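Going by TrEMBL, these are the annotated features:
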type     : residues : note
TRANSMEM : 6-26     : transmembrane segment
TRANSMEM : 42-65    : transmembrane segment
TRANSMEM : 85-107   : transmembrane segment
TRANSMEM : 128-149  : transmembrane segment
TRANSMEM : 161-184  : transmembrane segment
TRANSMEM : 278-303  : transmembrane segment
TRANSMEM : 331-352  : transmembrane segment
TRANSMEM : 384-406  : transmembrane segment
TRANSMEM : 412-434  : transmembrane segment
TRANSMEM : 441-463  : transmembrane segment
TRANSMEM : 537-559  : transmembrane segment
Amino acid sequence: MKTGWLAWECIVFAIFIFASSCAPLWRRRRDAAAGGSAKRAYIFAGGGVSTLAMILSVARGTLGVRSFLGFPSELVYHGSAMWETLYGIMLAFPIVCWLFIPVYYRLHTNSVYEYLQMRFGSNWVRQMAAATFLVRQTLNLAVTVYTPTVALHAVLALPHWASAAALTVVAIVFNLLGGLAAAIRADVIQTLTMVIVSGAFIVQATVKAGGPGQVLNDNIEGGRLEFFKFTGDPTVRVDTASALIGQLFMSVSIYGCQQTFVQRYCSMSSEARVRRTLLSNVPAVAILFSLSWVVGMTLYAVYKYCDPLLAGRISAPDEVLPFYVQDQFSFFPGMLGLFLGSLFNGALSFLVSNINSLATVTWEDFVSAAPPFKGISDKKQLTIIKIIAILYAILIMCLSLCVGMVGGVVEGSLLVTSATSGALLGVFLLAAMFPVANGKGAICGMIASHVITTWMAAGRLMYVNDKVEMLPLSVEKCPNETISVYHNALPVEVNHTLSLITPLLQTINSTQHTPVDTQSTGTIISDALMKMYSVSYMWYAVIGTLTCVIIGTVIGMITGTEEDAFDEKLLHPFIAKIARKLPGRERKFTNDVNEKAKIEKDISDKTEDTIIEDGKPDVLPVFTTSNSKIFENYERSSSPIRTRL
């Protein structure tokens, strides 16, 4: 690589990062003014974000930076099976519109997990759900941070730790200066840049391969395009059934139960606007999602007879797109810098908006309950939230150095998301759709779901050789001049850390092959466990959700008492209508009019100021809401009865 050419690419990279980072911060003072307070502006974007910007931001958050780098390499080396996860993603948006938005949009919660406390009257349920989100999102962000380090290592031979550290420092500065509105504007810039860059890749590669028809024929002949494959085998990494059903459960959990997205919904001015935004995301996500796969198709057509991985020119499948940019765009100075900058900025905007959500949930659901922090001003709360965000950024950077263990950015992201989605979706379904569910059932269901999915994921990582077999590759037409611009493959610097634990993992793996009597009970159990461990991670969300719902419902039916009564308006409106018509024991709600309620109200009037507008006394549970006043907001917007706690 020529020094002057490399210097120019680095200049373009630096300019793009600086411009795309500073532009979203330009209106930060106006964001604070629109939000009414610095804290609300930081968390909810001040309500000053357009619908189009919100659509692009939600779409951007749906795909993540992994789509830009991971999906093209997935198609080149494993085919189009993962492309079919688009079915589940598209179906999830209307389901979330119908299922969750009517339930808790009007609550105006700082943390969506406060809804669970209101529904079940249990702080344990709220904190367990919040902890699930924190773990899932922290691990997913580690994959996000790892993604641009792959490209920078492939092109510039920059160590992974150095790239991750630089990304973290910029994210911390951006987080201190901006809030959710700035992160959303950064998402818009990043989305538009990805579309432009991906379009340039497709056009150039299509021309190089001989036209759209040739690209399509090459992919069909090479076995890269195979759709609607129903194998009926749950151990297959991904087929049409697991792509549709498994991804549907994961996506509903993400869009309907995850603070990152609900935080965006609550920043909008009306419930109708939320619905329009979500439904508009169906075509937006379909286009953006498919764009990366089309890039993969063109890459395969270009390197069909000269694969860079098989030729030893790259060290990992995820490096194929950076290789292509350096190999084929030398005639366009600045394209490589723009590509690297887009990757870096994509990870940056995704990291900033998500650590915002992580810090908010940590504060609202955990830290704010501590005695030293009760009653502090909004300004001090915002300072603490930003400090928490900095700690998360550092933790995520450290975790990103271990992502290489799980087989790439797509594999790592899907494994983490699927393993943690079941319990989260299950407990929200119990809250909104199952009147019989109570706090005890919700806790037991979540614990059981976590135990099963964690057990399956750990067993898969330790005992199952799940290395995905690559589709046929070729180097039969590899002229030296085609790849002369690229440096030789380098070892991954970050794996110094992983090399220390490799002997331990090898020892653990070696223990599974100990010969035993094939007729013994131990062998039968071992075979059953191996079958369980071999189930594809695409099914983890389904298994976890069903486990949580079934166990939560059964325990709720067994242990339910009148003390579990809750406000009927916390159910989905449709479920609330039919709940009283179902056979079996009558379900008690806190807005039932009975003598016991009147007595309890008379007693509570001594300590509570209750405003009755229609003459019907209600007894509403008292919840700790971390000073967010969400229950007051909910009652004010949806009920003629307002209670000031």
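The backbone N, Cα and C atoms fix where each Cβ goes, and this holds for glycine too.
TrEMBL does not curate its annotations; it predicts them automatically.
Here the transmembrane segment (441-463) does not lie next to the transmembrane segment (85-107) in space: the count of CB pairs under 8 Å, restricted to residues six or more apart, is fewer than 3. Panel annotation: around the transmembrane segment (331-352), residues 5, 8-14, 16-17, 20-21, 24, 60-61, 64-65, 68-69, 141, 144-145, 147-148, 151-152, 155, 167-168, 170-171, 174-175, 178, 182-183, 186-187, 189-190, 193-194, 197, 200, 322, 325, 393, 396 of the same chain, lying at least six beyond its termini, place a Cβ under 8 Å from a Cβ of the stretch. Highlighted: of the candidate stretches 128-149, 278-303, 412-434, 278-303 has the greatest count of Cβ pairs under 8 Å to the transmembrane segment (85-107).
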